[in-house]
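Participant: Among the features that Swiss-Prot reports, signal peptide is placed at 1-25, with the record citing sequence analysis. The N-palmitoyl cysteine annotation in Swiss-Prot covers Cys26 and rests on sequence analysis. The feature S-diacylglycerol cysteine is assigned by Swiss-Prot to Cys26. Residues annotated as alpha-L-rhamnose binding site in Swiss-Prot: Asp504, Arg508, Asp509, Glu510, Asp517, Trp569, His800. Residues or ranges marked as active site, proton donor in Swiss-Prot (evidence: similarity to another entry): Glu510. Taken from Swiss-Prot, the feature active site, proton acceptor applies to Glu779, supported by similarity to another entry.
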Amino acid sequence: MILHKSVFKSYIYVLTYFVFFSVMSCENSSVLQEAKHLTISEGFKNPLGFYDAKPTFSWELPVVEGVISQSAYQIVVASSPDLLPNNPDLWDSNKQSSSQSVWINYEGKPLVSRQKVFWQVKYWNQDDKASNWSPVQNFELGLLNNSDWKAKWIGLPTKEEGVLGSQDNIIHRPQYLRKVFELSNDVANARLYITAKGVFDVAINGEDVSDDVMPPGYTPYKKRIETITYDVTDLIESGQNTIGVEVAAGWHSGRLGWMKSYWSDTESPKILCQLEVTMKDGSKASIISDDTWKATTQGPIRISEIYDGETYDAHLEMPHWTTNSFDDKNWKAVQAFPVTSTIKLEPKRHTTVKSKIVLESKEIILKADAAIFDLQQNMVGVPLLKVPMKMGDTLKIRFAEMLSPDGTFYTDNYRSAQSTDYYIAAKEGTIEWMPKFTFHGFRYVELSGFDASKTPSKNWVKGVVQYSNFNENGSFTSSHEKLNQLQSNIVWGLRGNFFDIPTDCPQRDERMGWTGDAQVFGPTSMFNADVYKFWASWMQSVRESQYDNGGIPFVVPDVLHNGKVSSGWGDVCTIIPWKIYYRTGDVGILEENYDMMKKWVAHHQATSKDFISHMNSFADWLQPYPENGNNKGDTSHSLIGTAFFAHSAKLTAKTAEVLGKKEEQATYEALYKSVAKAFENAFFKNGKVKDVTATQTSYLLALAFDLLSEENKENAKQQLLEKISEADNHLRTGFLGTPLLSEVLDETGEIDLMYKLLFNETYPSWFYSINQGATTIWERWNSYSKAEGFNPMKMNSLNHYAYGAIGEWMYERITGIAPLQAGYKIISIAPIPKAPLTSASATLNTPYGEVASSWEIKNETLFLEVVVPPNTTAEIEIPTDNSESLKVDNENFTNGKNLKLIKNEKRKIKILAQPGTYEFQAKYSL
């Protein structure tokens, strides 16, 4: 094997090491190694300022000899680590006979704001042999209730001195706020609880408190604002101290959307902070934001706006303004406003945005009065600049995703977003600067206004890639360069559009949480990144944004405030929770969202007649070659709405089943069947579309959502194949149809055709954009071509993840890793090797540990390496031309303790595998 060999070698090495260690150790050879990767709720590791007083506990079993599965566990929870494991004062689960090692509910004493909690777990293996106790884990709750806040909202009235933006919108001047305070004793512990109506950066005694980017993030501000907790113990000392906070408009007080929408176009940005200090003598002090603070708008950040960029005037720098020595006599008194109950203050539910990757400039293009720096990767974030300048000159920094054929910046697709930063130099020499309260989508950076006597150097510009602070969750690679580039484009599209919320695009005057884009890409995102907490947090925003009539807005948070809905978009509220549940096994995501799902299905029903939908729809958005030239494509809106009505009813029924709500399950199953019957009667006859335009998507919806009677499904499949054949074996699908294409063709046995569609080089196809130089997924199948240039439409994002939904099929079918039971308790590993591939590999972190699948065809032999994590089982399908040729670890296959034959068919063998690492080989030719 050549692909991901290191993954399997390290797995074997770890296994060998622990076997050796367990043999050699004389400390306690009868006790198993402790559990690992302990987390709470949606994957948090020892969080500070946690949001939930009723967490769940999860862990993984170690990869060691003797640990196949879990037969029992015990969790102990205490208010002090000294009480563990023998004297837990908050909860002792006692020994529970269960294989469950994930999402176990806390059932102890009530927890309260600020409380620090410590916990451990031990498990018993399949032979009832006990493990060591795990290392002590902890979490600390944030301020859970508005009543916990004694601080006030503070700030200056900045609208009066604001400047007009590109759409005559008011841009609020960024504010600088500070407070000097005295502590009489040595500090034992200090917590800073802080948030903003806007975005903030905070420092204490001249030291940055964190490296968070634009906290607290983006939520439905009229319903909820998230708060952040920082441990600032090491930044505070006895005596005089100073806290300083910068605040800018961000999402809260800036314009959003192409229609100049706002959360508040009149309210000035504000901060809310509460510093709680415990002294070594046990006394306490609280420093709160109130009317004793002072502030100014005369700092160096003159303008900061998400769409238009940031302006920094170094002449106005205020050295040491967050230290005790700074003189603020010319600063103003702030205005103070009480915390009310109308807007909920809650600890942040997922990770903040961070600066994650730094890209180097790869090429410089010199112009008469400018230099263009090419990072050779479309990215999202800000530039890090080290540029020589003359005193008083202004450096202009522009951004673009691509260059026009004549070498000029292509910015038509930014629309009204100016996306331009400025730096005004206060002295001669090299300036070092990075914007703070804006972000851009770009590959190219153009500089003008630098010292013309200097020759531009690549080290002048670096790209700082910023996105929500999640880790990778899987990997995929293959023998095909363009398929690997597609995987890279999917990952970079995810990075670029997971900026606190799932955005449609990161560069133009939108960057909003479009629900349709989110629902089609959600499953793929979970293969590539650890984004459960990200999605769970955003789904709370979806719940908070749901209209009283049950409708779900186009975008969440709902800054458009137009009361409109769309089928296929609003259905995010049923699709995402179910997809998350099936990939994590966490019932909690269904419990949280079940009421919303029911309300949405009721809204579907209210906007239908005789079960046929009359709901508005963006439809199969950006379908290629539309007959009417419309962005909404050719598939009937009523057909789409009815299909999603049925699908959401079915998912709600399945959710009710998981939650044990039998009567409601029956109600929604009956509704699904009624809608499906009405769908078929209205739009199909003998499996063929009638009365509306027949499209690939119309058949895909009918088949994927199981809306046809059994006797008509086969004809519908043939009609779909005819539509694909009429398109010269190319797709004709937009946002809603594309994610269903691979699923339906797979289920109908048309694997060769799906491979053909995936590996097509010409428009419309995934490789078409790659052939034009794409490094991210595009909004349109034809956003650009080398022959014809840019699509003339300004709605032409070059970083738009929707068509990256194909990534789900790449993981689940090319390499074959899929759940057979919710949460991967039972795993399917069923790769489908096909030309032009000769190899493919993937890894995936499941709730139980890493699963891996790697195959290669060589000398008419399939080599398949598989990793099955502890506490799971896997059904492994091995394609072969000769079942008698199957070998495992270089030995002829026989039934044994760890591998049992399930089925032996003509072209494949199915085996039930226990946890472990296996190397299969069998005769197979492409």
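Along the chain as shown, the residues are counted starting at 1.
Placed from the backbone N, Cα and C atoms, the Cβ positions cover glycine too.
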Participant: Of all the Cα pairs drawn from Asp504, Arg508, Asp509, Glu510, Asp517, Trp569, His800, the residues the record ties to alpha-L-rhamnose, which distance is largest, in Å?
Facilitator: 21
Participant: Round to the nearest Å and give the CA-to-CA distance linking Trp569 (alpha-L-rhamnose binding site) with Glu779 (active site, proton acceptor).
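Facilitator: Here the two Cα atoms lie 16 Å apart.
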Participant: Pick the one among the binding-site residues Asp509, Glu510 whose Cβ has the fewest other Cβ atoms within 10 Å in this structure.
Facilitator: Glu510
Participant: Would you mind listing, in sequence order, the residues at least six apart from the residue listed as 'active site, proton acceptor' in the same chain with a Cβ closer than 8 Å to its Cβ?
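Facilitator: For the residue listed as 'active site, proton acceptor', the qualifying residues are Cys505, Leu622, Met795, Asn796, Ser797, Leu798, His800, Ala802.
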Participant: So for His800 (alpha-L-rhamnose binding site), how many other CB atoms are inside 10 Å of its CB?
Facilitator: 29
Participant: Looking only at Asp504, Asp517, which of these binding-site residues has the biggest number of Cβ atoms within 10 Å around its Cβ?
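Facilitator: Compared across Asp504, Asp517, the most Cβ atoms within 10 Å surround Asp517.
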Participant: Measure from the Cβ of Trp569 (alpha-L-rhamnose binding site) and count the other Cβ atoms within 10 Å, all protein chains considered.
Facilitator: 30
Participant: Tell me the coarse DSSP state (helix, strand, coil) of Asp517 (alpha-L-rhamnose binding site).
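Facilitator: It is helical.
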Participant: Counting across all protein chains present, how many other Cβ atoms fall within 10 Å of the Cβ of Arg508 (alpha-L-rhamnose binding site)?
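Facilitator: For Arg508 (alpha-L-rhamnose binding site), the 10 Å Cβ neighbour count is 25.
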Participant: For Glu779 (active site, proton acceptor), what is the secondary structure state per DSSP, taken as helix, strand or coil?
Facilitator: coil
Participant: Determine, from DSSP, whether Trp569 (alpha-L-rhamnose binding site) sits in helix, strand or coil.
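Facilitator: It is coil.
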